[in-house]
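Per TrEMBL, the features are:
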- 149-428: domain 'Calpain catalytic' (DOMAIN)
- C183: active site (ACT_SITE)
- H349: active site (ACT_SITE)
- N370: active site (ACT_SITE)
Amino acid sequence: MDLGSVSPELRSKLKEVQVIASWATRQETQGDYEQAFSLYVDSVQKYLHLIPTVPDGALKDQLKAISSKLLNRAERIKSSRPQLSLRAPIRDRTSSEAQDAVLRRSQTINGLKFQPWSTSDPTSSKGSSYHSQLALIQPALSPVQKQAFLKWSSIKEVNPGLKVYDPDALDPTDIVQDVVTDCSLIAAFSVLINHAKRFQTKLHTACLYPKGPDGFPEESSDGIYRVKLFLNGVDREILVDDQVPISTTGSSMCAKSRRGLFFWPALVEKAYMKVMGGYDFVGSNSSVDLHALTGWTPETILLTSQDYRSERSWNRVSSGFSQGRCLVSVGTNANNLDALENVGLVPFHDYAVIDIQQDDKGNRLVTLYNAWNVVEPQSASLTQWTTQLENALPKISSARRAERVGTFTISWESLQMYFETVYLNWDPSPFKFQRLVHFFHHPLPAFSLKFDHGTALCADEEVWVLLTRHLDSQVTDSKKFMSFQVVVDDQERKPRTQRNDDSLNHGLPPLTATSLSNSTHLLARFPLEDVQATYLINFSFHDDLDPKSQTDDSSIMSKPIGFTLQILSRVSMSLADSSPVSLPFSKEIEGQWTSKTSGGNHALATYSSNPMWRITIEGEKLGAARDDSARVKFRASLTTIDPNGGLDTRKPVNVKIIRSGGDGRVYDVERRDVVADSGNYTLGRAHLRVNELSAGKYTIVPSTYQAGVIGSFKLQLECDLPLTKVESVPPEGAGMYKRVGCSSWEEERQGTSSWRLTGGRGLVKSKIRLQATQQPGGYPIKLSLIQHHSGHEAGELICPGIFTDALSGAAIGPLQLSFSEPHHYTIAVEAMGKNCVTKGEGYVLTVYADQPKKGKKKMSISKTQQDSSFTTVQQTYLGQLLPPVDMCQELCSQIVLTLKSNFS
């Protein structure tokens with residue numbers, strides 16, 4: 001295979017794949033078919049990734065033939081050896097192949113393909129094979145434009161003397177919005193011009209090419225221009241010509257200079273509208289548009305949010321604006337429509353902020369500009385809407401009455417009354433370290449973030465996390481919702497000497513979290529206080545949250561949707577794929593916490609009612625001899641699922657692996673029995689990892705922090721030895737009839753009644769449990785069972801029991817009770833300590849039995865007075881097991897469960 005025609009970088013990658021394919025063949029000949037299969041598939045994936053980048057057609061065909069042969073080898077191994085557990089290698093989301101796959105799919109927006117920006121000739125408007133074809137595609141007109149449309153015409157034909165750019169025209173009020181509903185973009189233009197004027201930058205025209213020697217845009221010789229926009233994770237090239245829509249009156253229907261000085265805004269607007277599907281723009285916000293134009297980090301401050309802090313926000317915004325680090329705009333909505341109309345403000349409209357200052361009297365003032373079709377007034381008086389606004393809003397300086405048309409100055413306090421949102425864009429350059437990763441939303445991703453351990457942290461050190469959803473279609477983009485949170489990965493932290501392994505937390509609160517939003521950009525910041533810690537970034541993705549808008553069509557979010565995660569930090573860092581590690585043997589379980597099966601954390605008496613699974617791991621692999629002393633790797637990932645199928649980040653959860661006997665149900669958690677634990681309860685997800693787990697049987701328990709929390713979950717189990725059995729553990733008393741009796745210890749202390757179990761038929765399988773009601777585990781309790789034979793005065797203590805302070809209480813059984821002879825049973829309950837006589841303190845006694853309903857003779861329990869036979873038993877058996885009454889305030893009572901026990 002001749003690789004002489006490809007670049008050195010591509011040649012190196014192709015040789016790397018050749019090595020992988022050769023190694024696959026070697027492993028197959030040596031009989032390691034599992035490894036050979038994985039390597040064959042890996043080489044095929046890499047070839048398919050590289051083939052589109054090969055310029056030589058003959059070489060491309062040759063590589064396709066090679067990859068086809070490798071794929072056939074993998075399929076032959078899989079079909080001939082079905083007993084092997086063959087799994088294709090899982091691609092790391094941060095790998096170059098995975099990144100390129102996302103970016104390739106995301107280059108198509110609203111039906112047009114926009115390739116990454118070419119740096120070969122950045123000053124030119126040419127240089128791409130699809131240059132002319134794409135440039136001639138005109139954006140679709142809006143309905144308003146269509147009504148007045150005459151033709152497409154070159155701007156130079158309409159106004160021959162107009163320049164593409166005028167370096168002397170740096171007035172933010174020169175930009176005018178016409179009939180296109182893109183107020184956010186026009187406000188962005190004004191903000192950029194204002195920044196260029198104040199700080200002598202070229203930020204306002206940095207995206208437009210070709211450029212002259214001075215770095216500013218110059219006229220294109222062929223009328224075609226390149227616009228660089230940061231879209232879907234990278235800078236992309238948008239080609240436009242200088243044709244603009246002309247109305248029947250001869251005026252252009254696009255962004256323009258109010259004084260007719262330049263036409264660069266019309267070109268950039270046209271490029272942006274081409275990306276967004278046409279001039280019938282559904283709207284955006286200025287921070288999103290500025291992010292596309294400049295790459296500056298967008299941030300949204302919702303003035304109506306409960307988390308909003310006016311003083312803190314003023315300090316951040318005014319400081320960033322005055323230093324040139326922050327671009328500012330504001331937006332209205334329609335929540336206070338009457339108030340907006342009264343002062344002349346436009347609902348659902350963005351305004352450029354062109355000045356922020358505090359005067360000598362301490363008044364905090366903000367100057368805004370509205371670019372909606374503003375024309376030069378015929379007199380020095382202000383336009384009507386500006387006058388109304390000046391008169392209506394408080395604390396407006398009278399010295400500012402002669403401001404330019406379209407501008408007005410209001411106090412910071414007044415701005416918070418009439419506007420809903422402050423849009424910010426921050427210069428990312430102060431962050432020395434930046435990391436970008438592109439990924440699809442399915443399977444649900446997670447990333448881990450680590451920092452340089454040797455870094456000395458500055459005060460108030462912050463890390464910024466920006467999540468951007470890739471644009472796809474203007475029709476469906478607004479129906480896609482997302483959120484994310486950053487938490488500390490407690491399992492990765494160093495052991496803490498003072499940590500109590502049995503302690504429980506409600507879950508470490510996220511360091512930062514965003515609300516669920518259909519915005520394309522979400523920013524969150526968190527303080528970096530510990531460089532030793534590992535930080536997990538978890539996500540949630542949803543379809544349209546309005547059930548009325550759902551259709552029978554396939555889910556919007558079922559299609560691959562691209563996202564870009566950007567981390568900005570002043571501390572060196574690494575970002576890794578933290579999705580569950582793939583091991584050869586796996587099992588996915590779907591389960592639910594219901595009102596009966598949501599037992600909460602292991603500090604609660606109801607923990608035993610949680611869903612549980614018994615897993616059996618055999619000590620053998622790929623036909624090797626069984627070895628029960630083998631040590632295996634095991635992973636468990638618990639994910640809470642909301643009704644829409646996304647991550648439910650509201651529930652703190654935990655997962656444990658516990659040694660258990662019997663049927664596998666865990667009633668009390670002892671430290672010695674816990675094999676692995678996901679740690680503190682964390683919102684939405686819990687992970688545990690064991691690198692040396694012995695083969696055997698274990699119970700895995702997913703739980704919420706509080707009992708009674710209802711919801712769905714998925715439990716992903718992975719192991720490098722076979723998971724021979726994964727069985728749901730039945731609840732206590734499953735398949736049996738249940739009867740419950742309850743009383744208070746104080747009542748039993750004062751009474752002399754007893755309970756007698758009689759009338760069963762043959763052998764009855766039973767189980768009995770006693771639990772304290774108010775203070776489970778707060779004092780010792782004991783449960784005993786006495787059998788009374790017909791004709792014998794004394795009873796036989798068949799289950800003496802022991803005192804226990806377990807949360808789950810005391811239990812007897814399962815055991816067989818015989819009713820083949822005329823006799824009955826008495827259940828005795830006991831408690832010790834002062835706590836048991838606390839007012840309202842009592843107990844619940846539960847009896848399970850498999851007594852069938854058939855037959856005339858039914859098992860029954862009737863209440864009787866305590867008799868001499870029981871007194872004899874109590875003295876003979878119980879009295880010898882207890883300390884003196886005056887030392888422990890021993891309370892003893894007998895209960896006959898009135899299980900009227902037909903048990904039906």
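Cβ coordinates come from backbone N, Cα and C, glycine included.
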Inter-residue Cα distance where the pair is C183 (active site) and N370 (active site), in Å: 9
Nonlocal residues around C183 (active site), in sequence order (Cβ under 8 Å, 6 or more apart): Q177, G283, V346, H349, D350, A371, W372
CB contacts for N370 (active site) [other CB atoms within 10 A, all chains]: 27
Three-state secondary structure, H349 (active site) (per DSSP): coil
Reported mean pLDDT - the domain 'Calpain catalytic' (149-428): 86
